[in-house]
Amino acid sequence: MMHIGPLMCIIFTAFSSLVGIVSNIDMKGLIIPIGAIFETDDEQILSAFRYAQTNYNAHFNQFALVSYTDTVDVTDSFQMVSAICNRMKSGVFLFYGVTDIRSRNIIRDFTRTFHMPYLSPSTAPLEIKPQQNFEIHMKPDYSLAIIDMIEYFGWPRMHYLYDSDDGLNRLQMVLAALRNTREGDYSSQITVIARRLYNVENAHDELRQMDRMVMDDEKVFVFDLSSERAYRSILKQIPEVGMNKEGYHYLVATLDFINLDMQRYLHGGVNITGFQLLNFENPALRKFIRTWNMLDPYTYPGAGKTKLTYEAALAVDVIDVITRSLRNMVAENPKIFQSTFRRKEVYNYNRTQGIPCNTKPPVPWMHGNTIMDEIKELDFEGLTGRIRFDENGFRKDYELNVFTVGLDTGPFKIGTWDPVNHYKGLYDQNDEDEDNFFNVSQTNRPKIISTILSSPFLMLKEAKDGQPLVGNNRFEGYTVDLTKEVADIVRFDYEFQLVKDDEYGRYINNTWTGMIGEVYRREADMAIGPITITYEREAFVDFSKPFMNVGISIMIKKPEIQKPGVFSFMEPLSPKIWICILCAYIGVSVGLFLVSRFSPYEWEKGSGDEVMENQFNILNALWFSVGALMLQGSDACPRSFSGRIIGTVWWFFVLIIISSYTANLAAFLTIERMHTPIESADDLAKQTEIKYGTIKSGTTMKFFEESKVQTYRQMWNFMSAENPSVFVKDVKEGVDRVKSSKGKYAFLLESSANEFYNNREPCDTMKVGPNLNSKGLGIATTPDSPIKAQMNLAVLELTEDGTLHKLKTKWWKDKGQCAGNPGDASSKRELSLSNVAGIFYILIAGLVFAVILASFEFICEKSKMYEKVSYMTATETVTTLVMTPTSEKENGGPEGMPHSYNTTENQQATFSYKPQPAIGFEHFMREMDHTEL
């Protein structure tokens, strides 16, 4: 017994140390499992849920979340129960999942029995039984919003169309609310005709039938459908049955009104009203959308440039609700999960692994009540607005935006709705004016227009007579004229305000710079200038229809005009063609020679003998071919049929070649051409000698930074790595850099600015290659501003009547400084000596060659003389012939006459003589016969 005491002390000390170690275990490295149940078509919702979970695990190290996901048919109660029990057995802390009216009661019973929190984005049930509830409803209830809008518009009769049990559930709530309205109120007199659409994809017959049933001046329909796909389908069918015209009013019971395509309803006169849960003025939502747009759609299907739905935003808020509640639990009690995990497995009350469904009696989840209490205590701003829950797990203190679409207007915001204040219209202060929805001139305050100095859009006007210019008179340019035209149509006063940071607009550190930032922060009512419409900017401000289409282009320094070469007259035909012509010439000549040799019709008798002669020897054949090629002809012509065929096809060949050559020769000799070192973006990317860059803020730089095209990615890597920097502050600095770089810098800018500066003196820049992309310039207005509708109409009107074209012509062409005049045009058509120097060289070379050849022939013929006489002998012979007289006797006749002289009665004498050979021409001497009368 003496040894037991120390042993117990040791054991107690070790146990105390172990308990101390366990008690000091924090949440780091802990993995908390959660269950998730999705429908089969919830692709974007699942991606948003996964991304939010991954994003939390990457930024918070207190604990990590792992989700066990099941995709089931929520209308099948057996599948739902199986999924819930399997995940509870594995030890999930709570569930996030969709529900259906057919499986809602089973989910409610399971969650209440096992105290398992269940967060759902689905429609809330019609009524709640007075029992403890473990369901959290993320989707705000908007049944009262439908009722308030019906009462606001004062419709006495309407059709209520739905396609699901949830729609039927809301219909029952609407009817119950209308029945409970106090006696004598408007709602006691309303008539509701309800119909369920069993096939939303093909509801033409139901729509026509209900249309014929309504004889009122205003036909009202309420659509309460189950999905965005159903809304898209029904909105497509309405115009097909002719129900998209004046006299129809539709209330679309969706929380995603802006994402619906309403373009086909803008010109028929129909009115469409709907609700919008996502408020794009919410900074948290804007930040998430920017990240969402950059996600890889292969990793997160439904992400990227696809519009974010409110269901996906609810999935992101669910992760926020779960992590905030669990962190609050740990903050209040750091040891709360100490006994829950064993070897990373979840145990419930240290009794069972997980929360099995088959225990008798059922053992509820030990942390279920605490998790529910923490969730109901939350109050924060999520993507879907303010997140707060009441005692029954319903959203409270939320707000819905009400939007409408009318004739050539919308969608734009007309009011807000919340459960406390109900509907509050933005234009209800002046009910007497029925057009105040679209009256943007309801205030006398001039509109502040943010703009930027950028030629020719906005330039400072030169003062006249030394008088300083103030106000809008300080500026001139395309922006000034465009604003004046728009203001005359929309009828508002305005004041230009130069942007403070001299930038167009970049999203940096969760804020916008430049003109976009001033409009977003409401420091200006709108921004007009060379502002590119992009998806990222559209998420923060509203844009009008584009008033100009532009694209990214390349500006380089204009190279020197290439001087024409000596043999520029040969450029109309390629070297291959010249070689082919030469080969054809030789081939035709040889062919004609051979044909003439074989054909008997080319042979004829010579004069005075029986020898047969052929005129087409090889030299004559060559001469015939070259004569035809030069359009001159020759004395020799083929007599045989085969020879004439060769001649005919050769003449046809020459006709086509000469005609083509002549047609191209004028253009090649009169048009001055320049050789540019680059012709496209690919040429820029393949070389490193010529540097290139963009403006350091704006969409052009963003285009290369975010592009996935290999060429543009290569260009961005080159630009971002260059030192010194190739980026410039503004367009003018970029143009000046091009001019001073001596052809070693190319500037990437919008095509409109490129065209303008190319027409400014000293006219030493030019645009090369096609535009790299296509985009529009628009007028930016404050988010959800009703002025957007009027701006769209004004821009369309100016486009159709040609005003925008006239303005561009005025500032780009008429005011250009590099336009050619008639004198310049005529001087360019004149040929200089350098254009035709080659033909003179050929003429001179031909003359010289002919003289040389003649000399060569002379020498060759002289070497063939029968006898050679020296110069002294020939001189003595000539002298004797001239100086010594000849007697008549010796010559056989009168003195001085040749020896063959004969006299006739007609005094006709015939004589022959052989003169002395002249020097060098002895071989050509022959006897000559003369007759003397």
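Heads up, the Cβ atoms here are built off N, Cα and C, so glycines get one too.
When TrEMBL is consulted, the disulfide partner of Cys357, picked from Cys85, Cys583, Cys637, turns out to be Cys85. The disulfide partner of Cys818, as annotated in TrEMBL and taken from the candidates Cys763, Cys860, is Cys763. Thr700 is the residue from Thr694, Thr700, Thr803 that TrEMBL records in the L-glutamate site together with Pro530, Thr532, Arg537, Glu750. Across the domain 'Ionotropic glutamate receptor C-terminal' (447-814), the prediction's mean pLDDT works out to 84. Fewest other C-beta atoms within 10 Å: among the disulfide-bonded residues Cys85, Cys357, Cys818, that description fits Cys818.
Across the residues annotated as binding L-glutamate (Pro530, Thr532, Arg537, Thr700, Glu750), the widest Cα-Cα separation comes to 18 Å. A strand conformation is recorded for Thr532 (L-glutamate binding site) in the three-state DSSP classification. A C-beta separation below 8 Å, combined with a sequence spacing of at least six in one chain, links Cys763 (disulfide bond) to Lys558, Gln817, Cys818. According to DSSP, Cys85 (disulfide bond) sits within a helical segment. One way to see the shell of the L-glutamate site is to take the Cβ centroid of Pro530, Thr532, Arg537, Thr700, Glu750; the remaining same-chain residues with a Cβ within 8 Å of it are Tyr504, Ile531, Thr534, Val550, Gly698, Thr699, Lys775, Leu777.
Spacing of Thr700 (L-glutamate binding site) relative to Cys85 (disulfide bond) is 55 Å (Cα to Cα, whole number).
Look at Glu750 (L-glutamate binding site): DSSP puts it in a strand.
When the alpha carbons of Arg537 (L-glutamate binding site) and Cys357 (disulfide bond) are compared, the span between them is 51 angstrom.
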